[in-house]
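These come from TrEMBL:
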SIGNAL    1-26  signal peptide
REGION    46-75  region 'Disordered'
REPEAT    370-395  repeat 'Cell wall-binding'
REPEAT    418-437  repeat 'Cell wall-binding'
REPEAT    502-521  repeat 'Cell wall-binding'
REPEAT    586-605  repeat 'Cell wall-binding'
Amino acid sequence: MKYKKITCLLVMVCLAATLNGFPVIAMENDTAIQGELTDTISYDGVNEKPEEASTDTEESSPKVGTQEIEEPADQEEILEETAGSQENLRENSWRYQNGELISNSVSAYSNERAAANAWTKVNGNFISSSGEIIPNAIAKGIDISYHNGTINWDKVKKSDVDFVIIRCGYGDNYTSQDDKKWLENVQACESRGIPYGVYIYSYAENVAQAQSEADHVLRLIRGHKLSYPVFYDLEDEPTTGRHTNQEILNMTRTFCTAIQNAGYNVGVYANKYWFTSKLTDSYYDTLPKWVAQYNSKCTYAKEYMMWQCADNGRVNGIGTNVDINFLMKSSWNNSGNNSGNNSGNNSGNNSSDSKLNGWQMEGGKRYYYQNGFKVCNLGIKIDGYWYYFDASGVMKQNYWREKDGQLYYYDADGHMYQNAGAQIDGYWYYFDANGVMKRNSWREKDGLQYYYDADGHLSMNIGLLLHGYWHYFDASGEMKQNYWREKDGQLYYYDADGHMYQNAGAQIDGYWYYFDANGVMKRNFWREKDGLQYYYDADGHLSMNIGLLLHGYWHYFDQNGVMKINYWRQKNGQRYYYDADGHMYQNQGVEIGGYWYYFDNDGIMKANFWRKKDGDRYYYDANGHLVTNRTMVINGVTYRFSSSGKVI
């Protein structure tokens, strides 16, 4: 990519022999490299509909070969003044001065040029500038940007270059800060089948700018087919470099998390000095590292994925010096495999490094490889099933995964549940077509309704208040409809919609019932409605067309269940009367409508009837009226009655 700053040519010459160089970029060990697979796979189906995952349009998720990748998040707005200030910035680091590559005439490459075949492959091994075999080197690559001008990619394709890392841009997410050669270079690699990754030169000074830089990358790589990671280029001294290690860590984590969440592999580029003095937190050890150290060997002590060994390499088809890089054996790729091998080169390389792809069993655990790299910290679709691989690349089984506030579950075979209900640790859950565990959610199955609560648990043997209605779910989780429920000696009823009746009368199987505010079916219960009285018997049935003895009084309820008051009732040729309280008259004489009547012990209105009271006699005529103030012949005998009805 870039070149170490040398302020004094004489000092450079004196130090060249002992120059240790500086580290470059790396890839997270808990992310997966994008590349072609031998199986049909796709990146993270979480939040994507599986049936839509295979489409390959600008609007769909980025894909790699037959792979699906989670679509990057939308761009966030960045302050205009930030963009303006960055557009005026120029790269200043150990490789750049005011935006210009520093000419490094005494780099490890040129200083030891006497070594035959430096930086080439001889008998299956890559040779350093000192003429020694480079341990663990498995592929040779270059990194390029607009600084390298217009490239003849047909010639590069025929060279010994196995892979390319392309600069996509620098700084915040503005098109003015896209690399001027980005589109030309990426299209050239894709059309010629040259494996590639990308990097962005960072000017970030806070996490908001780091997020913007991630959005910048995601905007540009969407729809492209990366075989190598996205690298975060950390080297600019006046901006990023002036911050504390913790601040740089926060920015790095923000950038890398955004890239990972979009389904891409991500790493960090820096020189050895930065990696040993600034990028020292253990978090960086979880990321693939690309270490820049211009020397005949890399002396960085920790694990790294790639080594940038020189900045003045020469490649047929490129008119400028170019950075030389080597892919190393590491936990981010399979040992001995050339992850970026350009099978189309004819540089005299007779060795064909086999790339490990597909499922591998290691130490009793399952891993998945792509182009020699373990898939890590990512969900992918393989042969119709979604799997999740943790930071170590282990396929997770019987595992809950949390992503973007949603939960997903991978079963004993590592398959993500989709469109299925499953019992896990004693609870039933439902997972939709995207694998999302449903919460506060209705499910319809075979015409029946089920409900999953806030914890995702299937509601069973419980009544729940949902959207203003109480529902009951039985032991199987079925929402009950047209259903009597008995609880604590009380009865409740759930209608055709599964709603529990409350404060309502309802006709069920030919009987009317009343349910109070708590849904309890009322028994032996008086109900007042619209000034009328109703009564529900011991079975909860509304009393209709019947007389009932209640609390010592007889009442009559008509065909609508209304308790009758001030009411004459005709039954079996007899007449009865119910007063203002609905009580039937018995054993008494009463005045009704201006006439006195007498009702016997059974409540029957007496007619043509002699009544004896307190030694006096009274007579009720054929209409039941008490005879008063008149003379009347009864059974051939003439009687005279006073104003009170007494026989005189």
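Backbone N, Cα and C define each Cβ position, glycine as well.
TrEMBL does not curate its annotations; it predicts them automatically.
Note: the repeat 'Cell wall-binding' (586-605) comprises 0 helix, 11 strand, 9 coil (DSSP; helix = H, G, I, strand = E, B). Within the repeat 'Cell wall-binding' (502-521), the DSSP-based counts of helix, strand and coil residues read 0 helix, 11 strand, 9 coil. A mean pLDDT of 86 is what the model gives for the repeat 'Cell wall-binding' (370-395).
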